[in-house]
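Submitted below is the structure of interest, expressed as structure tokens.
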Amino acid sequence: MKIVLVSRIDEADALRYTASLARELEGLGHEVALEEGTAAHLGEGGISFEEIDGDLVVVVGGDGSVLLTVHQMKKQVPVLGINWGEVGFLADLEPDEAGTFFAAHTEGFHIERRMRVSLSVNGVPLGDALNEGLVVTDRPAKMLRFGVYVDGTPAERFRADGLLVSTPTGSTAYAMSAGGPIVDPQIEGFLLVPLAPYMLSSRPHLISTGRNLEITLETEKPAHLVIDGQSTFELEKEATLTVKKSDQPALFVHTGKPFFEKVNHKLRNL
Ligand SMILES: NC(=O)c1ccc[n+]([C@@H]2O[C@H](COP(=O)([O-])OP(=O)(O)OC[C@H]3O[C@@H](n4cnc5c(N)ncnc54)[C@H](O)[C@@H]3O)[C@@H](O)[C@H]2O)c1
Ligand SMILES: Nc1ncnc2c1ncn2[C@@H]1O[C@H](COP(=O)(O)OP(=O)(O)OP(=O)(O)O)[C@@H](O)[C@H]1O
């Protein structure tokens, strides 16, 4: 198999582990390449995130590193995360489990598809989110006013610090902290969770991906759209955000660890 390795670059131990994993995978007969930032820290040559191609990309890092890789890849290649982070919800294997896993999977892997949302502002596509798009006020302690339209019908209007448009994958991330439900990633939907809504009755909404979803920013206050904590865009006054299911889902290697076991083990003691 053709395998690309990405390591978080801020931890020398993760980089050393990645270098030894590269040798181990070559020993199993795989063709191995390094992402260029990772490679530079190991004194070698590599390929950019945009050039990643092949059968598998192994990410040694935490959730931020997995999100960065999925965000930067031009074409989605199956991802396997090896947890070198604080939580590593998206990084299924622990470093000491990787050797056995690769030895047992020399021919291929079972791949799980995770929906992403495509976000456009005033008709201009800004990118896909694996976790969420966050519309947030620029000024602390100032609220934005939002309108939510489902199939053209006004569904809600409220004032809040911000609004999360999350995927089921993102439901265990920021959306969870903001009071949203944990959503089984086998369900496809747009999860809307307001941040500190100034209203007694405002609730999270889970909306089918088959519907047309539009969010209007109804104030002239400065705001930003942040995708997966990776890319930030300034929003024009009274911008309209269009949300669609991306035709490029993220692909994850299924390691056999049940989603709800991870919820129970990784999210209980944060
Ligand atoms: N209050 C919050 O909970 C909060 C605030 C900002 C960002 N975030 C999340 O952080 C993500 C960016 O990650 P980062 O590591 O670059 O930022 P970060 O370093 O600020 O860490 C955010 C935390 O969220 C966890 N996380 C990220 N995605 C997750 C997922 N799908 N399921 C469970 N936990 C998850 C990470 O493990 C990390 O501990 C954003 O997409 C957003 O969802 C959460
Ligand atoms: N190859 C790379 N090149 C540049 N930056 C990288 C690379 N790999 C990781 N990073 C950045 O390094 C940081 C590593 O954080 P990461 O989220 O992976 O770990 P953590 O915060 O300790 O764990 P968790 O998110 O699981 O709690 C992230 O900001 C990520 O975007």
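Each Cβ is built from the backbone N, Cα and C atoms, and glycine gets one as well.
Below, the features straight out of Swiss-Prot:
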BINDING   63-64, 131-132, Lys142, Arg159, Asp161, 172-177, Ala196, Gln230  NAD(+) binding site
ACT_SITE  Asp63  active site, proton acceptor
Can you go through the binding-site residues Lys142, Asp161, Ala175, Gln230 and pick out those with a C-beta less than 6 angstroms from ligand 1?
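Once distances to ligand 1 are taken from each Cβ, none falls under 6 Å.
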At 10 angstroms around each C-beta, which of the binding-site residues Asp63, Asp161 has the fewest other C-beta atoms nearby?
Asp161
Tell me which binding-site residues (Asp63, Asn131, Lys142, Asp161, Ala173, Ala175) have a Cβ under 6 A from ligand 2; sequence order is fine.
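Those binding-site residues that pass the cut-off, since their Cβ is under 6 Å from ligand 2, are Asp63.
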Determine, from DSSP, whether Asn131 (NAD(+) binding site) sits in helix, strand or coil.
coil
If you count other CB atoms within 10 A of each CB, which of Asn131, Ser177, Gln230 wins among these binding-site residues?
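By the 10 Å Cβ neighbour count, Asn131 comes out on top.
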Give the three-state DSSP assignment (helix, strand or coil) for Ala175 (NAD(+) binding site).
helix
Taking 10 A as the limit, how many CB atoms besides its own sit near the CB of Ala173 (NAD(+) binding site)?
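I count 24 other Cβ atoms within 10 Å of it.
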Sort out for me which one of Lys142, Ala175 has the most neighbouring CB atoms within 10 A, since those are the binding-site residues we care about.
Ala175
